[in-house]
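S.K.: Dumping the structure here so I can ask a few things about it.
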Amino acid sequence: MLALGGITRIFGTFDGVRAMMESALTARDRVGVQDFVLLENFTSEAAFIENLRKRFKENLIYTYIGSVLVSVNPYKDLEIYTKNHMERYRGVNFYEVSPHIYAVADNSYRSMRTERKDQCILISGESGAGKTEASKKILQYYAFTCPASEQVQTIKDRLLQSNPVLEAFGNAKTLRNDNSSRFGKYMDIQFDFKGAPVGGHIINYLLEKSRVVHQNHGERNFHIFYQLIEGGEEDLLRALGLERNPQQYQYLVKGNCPKVSSINDRSDWKMVRKALTVIGFNEDEVEELLNIIASVLHLGNVQYGGEEGNVCITSDTQIKYLARLLGVNGAVLTEALTHKKIIAKGEELMSPLNLEQASSARDALSKAVYGRTFTWLVNKINASLTYTNYSVIGLLDIYGFEVFQHNSFEQFCINYCNEKLQQLFIELTLKSEQEEYEAEGITVRHHFLLSLSEKFKGIISILDEECLRPGDASDLTFLEKLEDTVGGHAHFVTHKLADAKTRKVMGRDEFRLLHYAGEVNYNVNGFLDKNNDLLFRNLKEVTSFPILFPSSLHPFLTSFSLFSVCLCLPLQAATQFKASLAKLMEILMSKEPSYIRCIKPNDSKQAGRFDEVLIRHQVKYLGLMENLRVRRAGFAYRRRYEVFLQRYKSLCPDTWPNWQGKLADGVATLVKHLGYKPEEYKLGRSKIFIRFPKTLFATEEALETRKHSLATKLQAGWRGYSQKSKYQKLRTSAIAIQAWWRGILARRRAQRRRQAADTIRRFIKGFIYRHRERCPENEYFLDYVRYSFLMKLHRNLPKNVLDKSWPTPPAALAEASEHLRKLCMQNMVWSYCKKISPEWKHQMEQKMIASELFKDKKDNYPQSVPKLFVSTRLNGEDINPKVVQALGSEKMKYAVPVTKYDRKGYKARPRQLLLTANSAVIIEETKLKQRIDYGALKGISVSSLSDGLFVLHVSSDDNKQKGDVVLQSDHVIETLTKIAICSDKINSININQGSITFTVGQGKEGIIDFTPGSELLVAKAKNGHLSCSQTAPNSSIVVQPLLLQTCVTL
């Protein structure tokens, strides 16, 4: 891929579109040749069609015949008309790019600009072949690529918007095409000296007026009628007297096809209204125009009745609408539609019409009104595009050669036009070829073209004579006169003059002409009427109304009425068409022509379908084989020396890689090396001419073979060059980077040394002045000391609330250090407290109270510290239900088993101590033995030893109490803490050493003596005291310091 890509760039194939025609020759078996001139068997129609087929299957719809473009309608959207494509074809040599309509448009534009000669582009083909679309694409190309200004943009818009207007009034749905142009159109696009489109002019030919009153089954009238009915506003339709139903109008129902799936009449109506505004129509002009269109529909609905010879109009409503819309007298119009005026011997007579004549008169008026309206519309568009001092590119969009099962006057005129255009094409092509050969100094003769210049003569003149002669002239008398006058011509045959075999396929009312494209049978019925195309005199008089075209519409219409009444003999339709065609030929002869031949691939409008029979028919009738033979009469291929040498120079060692001498000598050297025979080529003054395509194919295949070996050499050379260049760049870059980096490093080292010296100097000076007040000499040192302390503090902050370590601050920061220490401790305490749960907080509060009461005061306190206080020491089963019932609503806060010592004899009895919110209750099984209200509780005494005895001192004023209560608990610290909290007697707990005095009752006192001993023993001593001996606390018990200290701290 790299090899072929490199060669492609060298030989000038720049991208997918801008590729020389020769680059596709190696793929000709798949996609065909881009120029039919390069067909090996150029005389074979089968080879011609097969080449079309190959390209059509690959969506390559454009092919050249020399400078003629053949276009096949794809019936689908192709991505080949984008702005990018327009840019690629702008200003590019014709043969540097693949075939495209943009190439033809650009070539004509550049020729007009460089040669200062007017151009024209002739577009021909059958209905549905894409002629109208081709002209649109050309206009779009010029609108995009040509210079523009505000004024020029207005003209561009008018040129582009003229298309939808002309299509609405001149196009219709036919069996072959949903948007068929039913008129011939020649448009001049006018350019100023800068090459910008500044104006235009349109000439129309042979509008199919008969379609106004009659359509074949499956066809429609002109688009404008359906667009008006479908898209017109309700108020507009009401003013015009129309209904939103095309089935109500006789001129719209004959084809039985009011709706077409591919046409949106409503949106097209909006487009036409917008286009009329852009072109320059004011509201009054649009209103008058629509009045005339509506009047045609009303004319079609005019109905006749009455007896033969006394016809009358039965639809008075239509006459009223016509009188209002056209501005005529209703009675006069009614008479004109039912009578004809005859002048005999200077007298005017009114002769009544029969039913058939009246219907014909009505239809003739409708056709005439619509035809003259269309002509006025074209003139109005021309007036909006008028410009002086211009160059011109003309676009001719006209019918192709037509051959139907039934051919009449219209086909005769169309085919006559195509015969003239084909003759013109042959003459201009031959002239162009001969001029090129003469310019290059090459002699070529075209003997075979002489027979193509022959053509028939006299038919139109005979038709005019028959229309104008007095007497009973008819279509059959016209046929007889043809037989008498031109019957001996080799290209003319009738049933009477034909042989027996031909008579079987010809009617007696037909004549046959041998055209360049083949034989065509014409039926003479209707020839005279269509050629006359006359209105009765009184119809002309009544329709000479200025309301149709008021003077305000355009200056040149000031004194113009739709139909002028004159006494001179009118020109027949064929003669008028012949004269306008002659003028067209003069226009085309004065310009440099380009040709586009449009082909329809099938009649069903299906994408991808290639109907060979239909294609062969069009190839024949378009005269494409004749075009090809004219082009191939001399040389099949021609190129300028520089182009040919640039492409093929690698095939000869003497011309590769560059030729330094004259181009002609280089090409001569090259073809000599390639072994061209003298009869295969000729060298002109600036071009090489190759006679046979096979010679070019062999050269192209040799180039394709050469590409691979050449690509290898080019790759090797390029890789060596690129790697060497890359190494040189890398080496140069490395040296530059190294030098730059070394400089950076050296500057950094020097800077660091200076900074270090400055720092040391400032530090030493600061140390010397460290005891002075802050000054410039010591501020750096002091700041450093502060910074060092803060950083040391940052690294050694206390980890928890029990960590009392703190770095020693310098003297200047002593106060700040103390503030920081307190803040740090507060923060750690706050953080610790945030993490404490409510349960643990309650536990800690109790422990704090216990610490305040017993720390360093009672020997067994340290053993209680690691043990958690509980809410009760008795389960629900341990307390008798009767006791709970006796307590009533009092809520029990704490319960613990205790031992009570009697006041007399100090006998130990098991009891339960219950604490409520208001009192302490001593329980004996099911009885409440004693209730001590907290208000009567004077204090609590306990020894400093590790025993569990304690005394509850009660007030002697309370008659319910018999004296103080002596109790013993295994959880004395917890029990006393609970009693102190519940009774709010924290300060009433006394810790005694040696003995405790308590009240026994009736003024008597008892004493408890506490002595150390080997074991715990509580008994009555001989002296009558209660003796309590207690062992020393167990020193092996480990107290949790963290918990203890935390409790103390909090």
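In case you wondered, yes, glycine gets a Cβ from its N, Cα and C as well.
Relevant sequence annotations retrieved from TrEMBL are reproduced here:
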DOMAIN    32-704  domain 'Myosin motor'
BINDING   GLY125, GLU126, SER127, GLY128, ALA129, GLY130, LYS131, THR132  ATP binding site
REGION    581-603  region 'Actin-binding'
DOMAIN    858-1032  domain 'TH1'
S.K.: By Cβ distance under 8 Å, which residues at least 6 away from the ends of the region 'Actin-binding' (581-603) in the same chain are close to it?
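M.R.: Residues 52, 56, 65, 67-75, 101, 104, 107-108, 111, 115, 117-131, 134, 176, 186, 203, 205, 392, 394, 396, 400, 416-417, 420, 424-425, 428, 609-611, 614-615, 618-619, 622, 624, 627 contact the region 'Actin-binding' (581-603) from elsewhere in the chain.
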S.K.: Report the same-chain neighbours of GLY128 (ATP binding site): residues 6+ apart in sequence with Cβ closer than 8 Å to its Cβ, ordered by sequence.
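M.R.: Long-range Cβ contacts: ASN73, THR174, ARG176, ASN177, SER180, LYS600, ASP603, LYS605.
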S.K.: Neighbours of the ATP site GLY125, GLU126, SER127, GLY128, ALA129, GLY130, LYS131, THR132: Cβ within 8 Å of the Cβ centroid, same chain, sequence order.
M.R.: ASN73, ASN177, SER180, SER181, GLY400, CYS598, LYS600
S.K.: Including all protein chains displayed, how many Cβ atoms other than that of GLU126 (ATP binding site) lie within 10 Å of its Cβ?
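M.R.: I get 25 for this one.
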S.K.: Under 8 Å between C-beta atoms and at least six apart in sequence, can you list the same-chain neighbours of LYS131 (ATP binding site), or say none if there are none?
M.R.: ILE123, SER124, GLY125, SER181, ASP397, ILE398, GLY400, CYS598
S.K.: Looking only at SER127, THR132, which of these binding-site residues has the biggest number of Cβ atoms within 10 Å around its Cβ?
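M.R.: Sorting the candidates by Cβ neighbours within 10 Å, the top entry is THR132.
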S.K.: Specify the count of other C-beta atoms within 10 Å of the C-beta of GLY130 (ATP binding site).
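M.R.: Other Cβ atoms within 10 Å of GLY130 (ATP binding site): 24.
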S.K.: May I have the DSSP-based helix, strand and coil counts for the residues of the region 'Actin-binding' (581-603)?
M.R.: 9 helix, 8 strand, 6 coil
S.K.: State the count of C-beta atoms found within 10 angstroms of the C-beta of GLY125 (ATP binding site), not counting that atom itself.
M.R.: 26
S.K.: By a simple count, how many Cβ atoms lie within 10 Å of the Cβ of ALA129 (ATP binding site), its own Cβ left out?
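M.R.: For ALA129 (ATP binding site), the 10 Å Cβ neighbour count is 24.
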S.K.: Mean pLDDT over the domain 'Myosin motor' (32-704): what is the value?
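M.R.: PLDDT averaged over the stretch: 81.
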